[in-house]
Amino acid sequence: QGIFVLGLPYALLHSGYSGLLLIVLAAALCCYTGKILIACLYEENEDGQLIRVRDTYEDIANACCKKLSPSLGGIVVNVTQVVELIMTCILYLVVSGNLLSHSFPYVPVTEKTWSVIAFVTLLPCIFIRTLKIVSKLSQLCSLVHLVIIFVVITYCLTQMHQWSWAKFRTSTEFENFLVSVGVIIFSYTSQIFLPTLEGNMKNPGEFRCMLNWTHFLACILKTTFALTAFLTWGEKTKEVITDNLPSFLETLVNLCLLTKALLSYPLPFFAATEIVYSCISNDNHSNYRSPLLALTVRGSFLLLTLLMAMFTPHFALLMGLSGSVTGAAMTFLLPSLFHLKLQWKKLSFLEKCADISVFILGFLCSLAGIVCSIKGLLEVFG
């Protein structure tokens, strides 16, 4: 689910009824592209049995581009992955500053300064060398997230007497609608982790079933959360939905969200720095033969996330831009393109049409979302 689920009610504000359809459609499309991405890991042997011949997203990309360059595809995928992961880290800092400023409104400190304070607590990330520590932090993060969602939905249910479907817009501005598309797409992105996940499953044959159920449940939870929150506040829905809570709940939930954001930061940060370090050192991800280089890479990325958070402190617009650029590429464009390239002779006519349709749809959404998100950011900066 992730902390970015908090932006879905705001997406409904600008997309109306179509936003509900988008949440469902995005789940179906993300589930489909997840399946075809994993299909690219396999090839048939002489006996017609499927054998896993690739391990990562990078391997798939290199296989598709091997005629042009043995490593071109991998470079493109790695750059896209790093951008998406770093943008995720930036968003955690942005939302941390937002949460702190709303939790302590009487403290004479700007939102940017609060982001710096949150950044200071993340400095120990420079010394994280293994995924074991990150996994423990992620477990705590999941528990905090469950508490947050439960509190918000429970409060919204107590306000059912003021719900009205009239709060939904029958018409929406095209640009705002496209930004909402980026927000919704970004809330589902998980393709980066699927090859590793499938490879570590006890029974990989159950991957497709697992993907169906997880996307179905995610769709139900996202729709329920976004709908109940939007029906409660309507036109007053804010970028981060917890800002709408009454003061006696807002501070408590915001502090929980702050804890979740800070606990969530190490995973994408660790993954991004591991990719960059491995490309620089051409070494195994877990072995640091040059501790100074590793510290330099992690320190540089940590500082980069702070600088970006300071200059673009707008949660929904930044999330929309991320979803439009890297989210659409990793979730729609590349999986469909790679599937067509590697499996063309085995695909049926309908499967080819489906892949081409997903690619075109992803391209149009990405292009339009990029333009509108950048325009929105430029307008905010005056």
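Any Cβ shown, glycine's included, is placed from N, Cα and C.
Note: TrEMBL annotation is automatic and uncurated.
These features come from TrEMBL:
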- 1-374: domain 'Amino acid transporter transmembrane' (DOMAIN)
- 20-42: transmembrane segment (TRANSMEM)
- 75-94: transmembrane segment (TRANSMEM)
- 114-131: transmembrane segment (TRANSMEM)
- 143-165: transmembrane segment (TRANSMEM)
- 177-197: transmembrane segment (TRANSMEM)
- 209-232: transmembrane segment (TRANSMEM)
- 252-280: transmembrane segment (TRANSMEM)
- 292-311: transmembrane segment (TRANSMEM)
- 317-338: transmembrane segment (TRANSMEM)
- 358-378: transmembrane segment (TRANSMEM)
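Here the transmembrane segment (20-42) touches the transmembrane segment (177-197). Their Cβ atoms form 3 or more pairs under 8 Å, with each pair 6 or more residues apart. Counting Cβ pairs closer than 8 Å and at least 6 residues apart in sequence, the transmembrane segment (143-165) and the transmembrane segment (252-280) reach three or more and so form a contact.
Long-range contacts of the transmembrane segment (114-131) within its own chain (CB-CB distance under 8 A, at least 6 residues past either end) are made by residues 93-94, 96-98, 100-101, 258, 261-262, 265-266, 269-270, 286, 288, 294-295, 298-299, 302, 305-306, 309-310, 313.
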